[in-house]
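Lifted from Swiss-Prot, the feature list:
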{"type": "TRANSMEM", "residues": "4-24", "note": "transmembrane segment"}
{"type": "TRANSMEM", "residues": "35-55", "note": "transmembrane segment"}
{"type": "TRANSMEM", "residues": "87-107", "note": "transmembrane segment"}
{"type": "TRANSMEM", "residues": "113-130", "note": "transmembrane segment"}
{"type": "TRANSMEM", "residues": "134-154", "note": "transmembrane segment"}
{"type": "TRANSMEM", "residues": "167-187", "note": "transmembrane segment"}
{"type": "TRANSMEM", "residues": "211-231", "note": "transmembrane segment"}
{"type": "TRANSMEM", "residues": "242-262", "note": "transmembrane segment"}
{"type": "TRANSMEM", "residues": "272-292", "note": "transmembrane segment"}
{"type": "TRANSMEM", "residues": "330-350", "note": "transmembrane segment"}
{"type": "TRANSMEM", "residues": "416-436", "note": "transmembrane segment"}
{"type": "TRANSMEM", "residues": "462-482", "note": "transmembrane segment"}
Amino acid sequence: MNDFPWLTIIVVFPISAGSLMLFLPHRGNKVNKWYTICICILELLLTTYAFCYNFKMDDPLIQLSEDYKWINFLDFYWRMGIDGLSIGTILLTGFITTLATLAAFPVTRDSKLFHFLMLAMYSGQIGSFSSRDLLLFFIMWELELIPVYLLLSMWGGKKRLYSATKFILYTAGSSIFLLIGVLGISLYGSNEPTLNLELLANQSYPVTLEILFYIGFLIAFAVKSPIIPLHTWLPDTHGEAHYSTCMLLAGILLKMGAYGLVRINMELLPHAHSMFSPWLMVVGTIQIIYAASTSPGQRNLKKRIAYSSVSHMGFIIIGISSITDPGLNGAILQIISHGFIGAALFFLAGTSYDRIRLVYLDEMGGMAISIPKIFTMFTILSMASLALPGMSGFVAELIVFFGIITSQKYFLISKILIIFVMAIGMILTPIYLLSMSRQMFYGYKLINVKNFSFFDSGPRELFLSISILLPIIGIGIYPDFVLSLASDKVESILSNYFYG
């Protein structure tokens, strides 16, 4: 037990401070914006301080743990704790949310509610990553959905209500399976029902029951990740949402699904995961090819980037399915890497939209001359997305490849086939990313069109782009910074498997 409740403060602070914002005097939007940014920066500094001085890298066990009785009647505890698996995602959440609030400066309608919802989402996401109790994990998982739905339905494109409804139907529907899995796994086995993740990790189940639990959790996390064919909400949602919301969706929300797969499916249900991993490997491989093939056919700029996210999530699924040290480390690195890259691409797509008010690629063209700074940043981050050496995406995908090669679970011929198909996916990635850049920035379409006022990125946008680019290059040059956080935890998870 930790003496000081660091994690409780980190989880509760954003939503509590955000609630106070609702009582601020109506003095325009600037007060709300700066207040929210100050809260996010303070929260990020607090999180960094707590982790720097209290987190031990070489300890795979739960740290900063807190355990308070909450509801006596249900024997329900407020259990918090972090390990190598959650520390990276929590810091990523803080970083991306802070930048997303800065990106939301152009939002003027219902500014107070918009910023409060962003802070409520922040609390829900950190709560999900630091929960050590299954029911608390479920509550945080659901808490985070409500702000996302409201952000989608109130701020966005013309079809925002359709995309928000589709999002909530998918995610709320999958949450039913998550709740059934949580209740089933906690009530089975011991005489006393338990929701403590540490105790559940040592529990064993009959094979049929474990498979049923696994399928329930897999459906819930497959929608969030997303894994095909449960991905169709994502392009619509990204296509209509405001770009600051897109940053949070691509940077953090999708990573919650991958985190759940490792934290619950892999850690609590190792036998079922061992049985399902070949199928997940096949799905992940198909996903890379499918999304990379579908992306070039998208006219909408943000939908094309959304399909690139689906393709990149395929590498995470393959890494998790390899059940090897490099594979799982590569998947965790890809979670962090794509969090930065996805958020950056959506931000730059949004800044381009702010200038030309066009969403369809075939209507764009010739913007490179007018907005050279945005063009430069977009090109660099497109290169990061297609895994250029020296960028974080390259290292993550390379380590996932090593994970497949070293896996003891698969035959040589199947490993060669998987690597071959993944390589085709990696060849298709530059095709849709570079053609996207060509359609936006090259050619002559918009140069001679009247009533288009082009102005290049200002200090705020340039600062934001560089802030996301620096960690991408930093992780690409020195990936051990992220890998060292999770390596001991990865080994302890894989110790439940007979190979790897």
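Positions of Cβ are set from backbone N, Cα and C atoms, glycine also.
As a quick check, the transmembrane segment (330-350) and the transmembrane segment (4-24) miss the bar of 3 or more Cβ pairs under 8 A, pairs 6 or more apart, so the two do not touch. Here the transmembrane segment (211-231) does not touch the transmembrane segment (4-24). Their Cβ atoms form fewer than 3 pairs under 8 Å, with each pair 6 or more residues apart. Residues 85-86, 89, 92-93, 96-97, 99-101, 103-104, 107, 118, 121, 125, 128-129, 141, 144, 148, 151-152, 155-156, 217-218, 220-227, 234, 302, 305-306, 309, 313, 316-317, 320, 328, 331-332, 335, 338-340, 342-343, 345-347, 349-351, 353, 493 of the same chain lie 6+ residues outside the transmembrane segment (242-262) yet bring a C-beta within less than 8 angstroms of a C-beta in it.
The list of residues near the transmembrane segment (113-130) in space but at least 6 beyond its ends in sequence, with Cβ under 8 angstroms from a Cβ of it, reads 7, 10-15, 17-19, 21-22, 32-33, 35-36, 39-40, 43, 47, 80-82, 86, 89-90, 93-94, 97, 100-101, 104, 107, 136-137, 139-141, 143-148, 150-151, 154-155, 244, 248, 252-253, 256, 259.
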